[in-house]
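*Asks:* From Swiss-Prot, here are the annotated features:
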type	residues	note
DOMAIN	2-146	domain 'Globin'
BINDING	His63, His92	heme b binding site
Amino acid sequence: VEWTDAEKSTISAVWGKVNIDEIGPLALARVLIVYPWTQRYFGSFGNVSTPAAIMGNPKVAAHGKVVCGALDKAVKNMGNILATYKSLSETHANKLFVDPDNFRVLADVLTIVIAAKFGASFTPEIQATWQKFMKVVVAAMGSRYF
């Protein structure tokens, strides 16, 4: 993927405003609530049976931060996102057996959470650039599935 300077700047600016400790837990919790079938991957997280339990679950919050930490690596390695996610993709494909469509679901929900947080400043133009970036991340996360 070729990134223009404007796209790189936009993605860095959006990500620079993201509080990983806030957005990560909110995004993962929303995925588990809105798409309940994703809960099957988090059996070791304890109670994820209700929205309140999910929102208050410290393991969900911690993993949401981990997810955003991994996204931070993509922002910092925009020239080689595929290589950046090679190992993570292999783990999700071959050890965790995560349906790769869930990466798209998470990307969409993360975008919704960011848009809700940033409000009108998350313009359609910024969203278009952000979603291009997320599509590249989703493709990289699915790259080791055979």
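Quick reminder: no glycine exception, Cβ is built from N, Cα and C everywhere.
Structural setting of the listed features?
*Replies:* Packing around His92 (heme b binding site) is summarised by its Cβ count: 21 other Cβ atoms lie within 10 angstroms of its Cβ, all protein chains included.
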*Asks:* Per DSSP, how many helix, strand and coil residues does the domain 'Globin' (2-146) have?
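*Replies:* Secondary-structure composition of the domain 'Globin' (2-146): 117 helix, 0 strand, 28 coil.
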